[in-house]
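One structure is given here, and the rest of the page talks about it.
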Amino acid sequence: MSSRRSSFRRKEKPAFQRFKDHCRHFTAFMFSNVGIILLVTFYTIGGAFIFQAIEIFEYERLRSEKPHRFIERNVSGECLTRIWELTAENISFFDHKAYRKRVNDVLLEYQRAIVKKQLKGPDVEQWSFSGAFLYSLTVITTIGYGNITPHSEWGKLATILYAIIGMPLFLLYLSNIGDVLAKSFKWIYSKVCLCRICPGVAKRRIIRERRKMRHLARALQMHHMESGGGSSSYSSSSSTTNSNSSSSTDYTKSSYRSSSIVDVAYSGSDSDIEREIRGSTDEITVPLTVCIFVMVGYILWGALLFGRWEDWNYLDGSYFCLISLSSIGFGDLVPGDRVITADRDKVEVSFILCAVYLLLGMAVIAMCFNLMQEEVVHNIRAIKRGFKACFRCRSS
Amino acid sequence: MSGRRAQSLPAHMVEPAKPERGRCVAAICFSWKIITCIVSHVLLVLLVVSYCVGGAYLFQHLERPHELEVKRDIQNLRFNLTENIWLLSDDALVLRESDWMANVSKHLANFEKQILTAIKADGWDGDEDLRKSQWTFAGSLFYSIIVITTIGYGHISPRTDWGKVTTIFYAIVGIPLMLICLSNIGDVMATSFRFLYWRICCYVCTRTAKRPRNARSRQRSVRGQRYARSQPPPSFRRSMKMTQRSGNDSGFGPSMGHAHSDPELRTMGRGVGGGYDDREFGHRSSGGRNRRQQQIAAQPRQQRHNIYGDEYEMQTQTLNRGNRYSSRQRQRDRMRDRHTVERERYRHDFDAGSMEDFSDLQPPAKRAASVRSVRSPQHQESKASRELHRLHSAPGRGARAKSVDPRHVSSQHYEDVDEDVVRKTPIIPNRYALDDFGGGSGHQRTTRNAAPRSQSMPRSAHQRQRQRDRERERSPQPPRNAGRRAGSLGRQSTRYGNHLELPDYDAPPQGSSRDHRRDRRGRSPRSYEDYVEESFDEVSLCDGGHYEDYPPVHSKSRSREPRRNHRRRERAERLPPSPRIMSPMGFPVQRQIRRRPSYEYDEDDSMYGEDYGDYGDLLPKDRPVPIWLCVFLVVSYILGGAALFAYWENWSFLDSAYFCFITLTTIGFGDFVPAKGVKDESEQSIAYCSLYLLFGIALLAMSFNLVQEEFIANVKEVARRLGILKDDDEDDRDED
């Protein structure tokens with residue numbers, strides 16, 4: 001916001017002032033954007049430590065209090081023994097059907113035990129630092145995979161409090177970074193796609209619009225001459241010129257404003273146009289297709305990355321990315337799931353990469369929505385202007 | 001007056017140059033309104049519901065076969081294992097324990113691995129019963145809801161490729177849809193809740209509430225609810241702002257200005273406002289009385305060296321006052337229609353608020369008016385206006401000028417009444433549609449009312465103009481110091497008048513007024529331009545409608561402009577409905593909307609920003625419900641849900657509360673999911689849960705909606721104290 005403002009006012013200020021402005025806005029940038037990234041990061045890391053500590057502590061406490069819950073039953077061994085007993089005792093008469101039925105029962109029991117153990121959820125092993133980091137990230141981003149969940153009461157309470165503070169923080173992060181990204185993306189877009197290809201077109205467009213405005217302004221002026229009883233002075237007419245021009249065009253508006261104060265009445269000189277082209281970054285809207293393309297590209301890129309890291313296929317990767325970035329977060333696919341037992345280091349890396357991907361991706365999506373909305377608003381305005389022109393033609 | 005108004009309504013429909021277009025626009029607006037009403041409420045909800053149901057069928061169709069297949073696979077797996085063991089035992093000639101054990105354990109390990117794969121990759125829930133399925137219709141419906149609300153428990157998730165692809169596209173379409181729907185519902189709920197709150201909770205304390213609120217607005221100056229009623233705070237604030245803004249204006253203390261402006265204005269307002277009642281019933285006949293009243297009213301002004309500025313301020317005040325009075329009057333008239341007593345109070349505030357809003361929006365209005373005036377500067381003088389003119393020409397100039405006001409006031413208030421109706425029309429979640437529609441319908445309404453009010457205006461405006469010129473000639477040497485102060489204050493308020501307050505109703509024509517202002521104030525044109533363009537920037541989104549309407553009679557356009565602006569502003573302010581917590585996707589949408597005002601606030605440093613901070617409280621429907629109430633509501637909703645779920649699902653209370661929180665914040669871990677334990681009543685509990693979470697999210701949206709305006713205002717105030725750099729951070733953070 002502030003830098004946008006600076007771009008409005010920059011133009012008529014001297015160089016020193018401009019430099020000072022730049023410095024100030026750089027500081028503002030540091031405070032608002034980099035600061036918020038650091039804040040989110042530290043908040044997440046702190047949350048990771050807190051949750052890890054709480055969960056492990058509670059786990060230990062629970063284990064010391066109720067040790068019988070944590071005795072690992074050798075399920076497969078039990079099952080094996082029972083089947084053996086069954087076999088040994090039935091070996092004599094060997095009733096085919098009865099034997100099968102009983103073995104099947106034993107196996108069913110075994111299977112249920114496995115399922116129960118599996119579905120009971122992850123144990124404290126998962127509360128490694130990276131796991132806790134991902135957990136706190138999923139809390140504040142409201143993704144909530146649910147692959148790691150707090151089991152202790154204090155963990156749940158801490159989660160609630162953590163979320164209450166963290167989610168606004170994250171939204172602030174999103175809005176800030178989304179703004180910054182949107183601005184820079186717009187800048188890049190304007191540099192790459194517009195200015196290089198069609199500066200002449202832009203210039204011509206501006207000239208055309210100015211002509212239109214001047215017509216309008218002249219009409220206005222005449223009107224004021226008669227309605228104001230001759231009291232309308234030069235300044236008023238020029239001011240109406242400006243206000244009017246800004247009403248009829250909005251993307252040249254800001255530069256008009258700045259130029260209007262200094263050189264109100266005259267317009268259309270080359271330097272003015274140059275200035276306009278140069279300063280028009282704020283008014284450029286990025287087409288919807290580009291935004292959608294960026295989003296899809298980001299998701300596909302993520303699919304590629306995760307496909308490589310996690311051995312997912314392409315569909316799974318994109319599915320995971322979309323589910324994560326839209327903050328649905330089913331948790332059926334979670335990074336680090338496959339390799340969690342194999343290699344600790346790799347787990348850490350994939351967790352961290354996933355976190356970075358998520359943080360960046362949400363900002364990118366926010367950016368795209370920013371840009372898309374701007375574009376939509378702009379389009380609607382244009383449509384309205386068209387309507388306006390239509391009706392005006394008919395009425396006059 | 002009312003009779004005349006009634007006459008002029010149809011007359012006006014035929015009157016303008018292009019009547020067929022007027023009718024056309026009216027028809028369009030009316031149908032558009034109806035359509036948007038239908039769209040906004042019924043259709044949207046129906047759409048979401050049908051989307052969910054369709055998704056349920058789709059996912060059921062896609063996923064259920066796979067699930068059953070997985071279950072069958074598991075069964076087959078076990079039978080195979082049994083078969084293997086049997087073969088192993090049967091084939092062995094000698095049954096040696098160690099060999100047998102080794103073989104079987106190998107098989108068992110394989111079996112376990114396969115089961116784990118089935119659980120992890122295929123989402124097997126451990127149940128073998130083929131008759132039971134996770135992907136029943138209810139389960140699929142729940143899944144659809146979970147997806148589009150972005151909760152995403154993950155207790156059931158698509159396992160087939162097609163299911164995943166479908167989920168992706170389903171989410172892409174469904175999430176925005178759900179956001180729109182929720183914000184719509186939240187908006188409606190917020191409106192009704194606000195209404196309920198002020199009606200039920202505060203009806204009793206209406207009388208007593210006035211004083212505290214007054215005091216509050218006085219001391220805090222951000223809460224401008226009683227702005228018009230308690231004029232002092234604004235003048236106080238504004239003069240303060242003015243002094244800090246442009247040094248050449250006045251060096252007088254804000255409190256001084258306040259002290260001077262206040263009593264005078266009050267008397268003025270009361271006098272004219274009192275006279276208004278008569279005028280409403282028989283305008284023509286009561287002219288003499290009006291005149292008397294106005295002369296009485298004008299006396300204080302005469303005492304204070306007719307400085308033109310006073311008049312402005314006075315008129316502003318008059319408008320406000322009269323407005324209120326008239327609203328009461330009108331209230332009585334319409335009581336049996338639908339207005340209740342406490343609504344009156346509402347309106348009351350609303351009028352004040354609307355006035356304040358006008359003042360905010362004046363400049364764009366002027367500009368728009370001037371733009372329009374190019375097209376058709378001529379105005380039609382109806383019989384009524386001529387009549388009024390005759391009436392005007394009798395008394396002294398000041399009184400004459402003033403006598404215009406009540407008329408404006410009356411029509412003004414008439415509009416206000418209508419405005420109330422308008423406010424009842426549905427809120428459309430889609431901002432763009434909203435703007436479109438609002439611009440159209442609002443102006444439609446205003447044009448209808450514009451005719452009686454405005455036809456006499458240009459003349460009176462000219463008179464005022466002349467009078468002011470004359471006053472300027474003779475006034476500049478006030479004998480007393482106090483008088484001088486008052487004069488300068490008046491000048492200040494003149495500027496306000498042009499800028500923020502509403503004297504444009506009766507102000508001189510555009511160009512000249514601007515001229516005067518510029519001459520007198522010596523204010524830098526630049527800031528004004530900034531201001532104008534900024535404000536235009538803000539409203540330009542929604543101002544499309546008013547260009548399309550009747551061929552704008554100059555005066556008419558001017559007089560009806562503020563109303564539209566007001567509507568615009570109010571719309572802009574209600575624009576951000578708040579699915580804030582929904583998802584990051586919902587967020588930037590709002591963020592963008594919010595950016596305009598604050599950006600504008602940045603641009604135009606003091607006065608507009610201040611007023612922007614105010615506006616949230618001004619309108620009765622936008623009057624804030626206390627934050628604690630919303631927080632309390634949400635917390636109690638969570639706790640109530642916790643109790644219910646603890647009862648239904650046999651969870652502990654903490655678990656239930658945790659579940660409710662995780663659900664409503666759309667985190668959705670999925671470690672607690674309803675209907676996971678009790679399979680038999682799964683449909684029932686799924687239904688409960690869906691209802692709970694849908695309503696809960698709407699409730700959250702509602703409370704955000706309710707709270708945000710006041711909250712933002714508060715935060716802006718705080719942020720302004722902290723400095724501009726910290727401003728954005730602050731309000732962003734708290735806005736969530």
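Note: Cβ is positioned from N, Cα and C throughout, glycine not excepted.
TrEMBL entries are annotated by machine, without manual review.
What you are looking at is a predicted structure, and each value in this text was computed from that prediction instead of being measured.
Copied from TrEMBL, the annotated features are:
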| type | residues | note |
| --- | --- | --- |
| COMPBIAS | A:232-253 | compositional bias 'Low complexity' |
| DOMAIN | A:124-182 | domain 'Potassium channel' |
| DOMAIN | A:294-376 | domain 'Potassium channel' |
| REGION | A:225-253 | region 'Disordered' |
| TRANSMEM | A:28-54 | transmembrane segment |
| TRANSMEM | A:127-145 | transmembrane segment |
| TRANSMEM | A:157-175 | transmembrane segment |
| TRANSMEM | A:284-305 | transmembrane segment |
| TRANSMEM | A:317-335 | transmembrane segment |
| TRANSMEM | A:347-372 | transmembrane segment |
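The list of residues near the transmembrane segment (A:347-372) in space but at least 6 beyond its ends in sequence, with Cβ under 8 angstroms from a Cβ of it, reads 40, 44, 128-131, 133-134, 137, 141, 143, 173-175, 177-179, 181-182, 185-186, 285-286, 288, 290-292, 294-295, 298-299, 302, 305-306, 309-310, 321, 324-325, 327, 335-336, 339-340. Scored on C-beta pairs under 8 angstroms, the neighbour of the transmembrane segment (A:127-145) with the top count among A:28-54, A:157-175, A:284-305 is A:28-54.
The average pLDDT the prediction assigns to the domain 'Potassium channel' (A:124-182) is 85. Mapped onto DSSP classes, the domain 'Potassium channel' (A:294-376) shows 62 helix, 0 strand, 21 coil. Counted with DSSP, the domain 'Potassium channel' (A:124-182) comes out as 45 helix, 0 strand, 14 coil.
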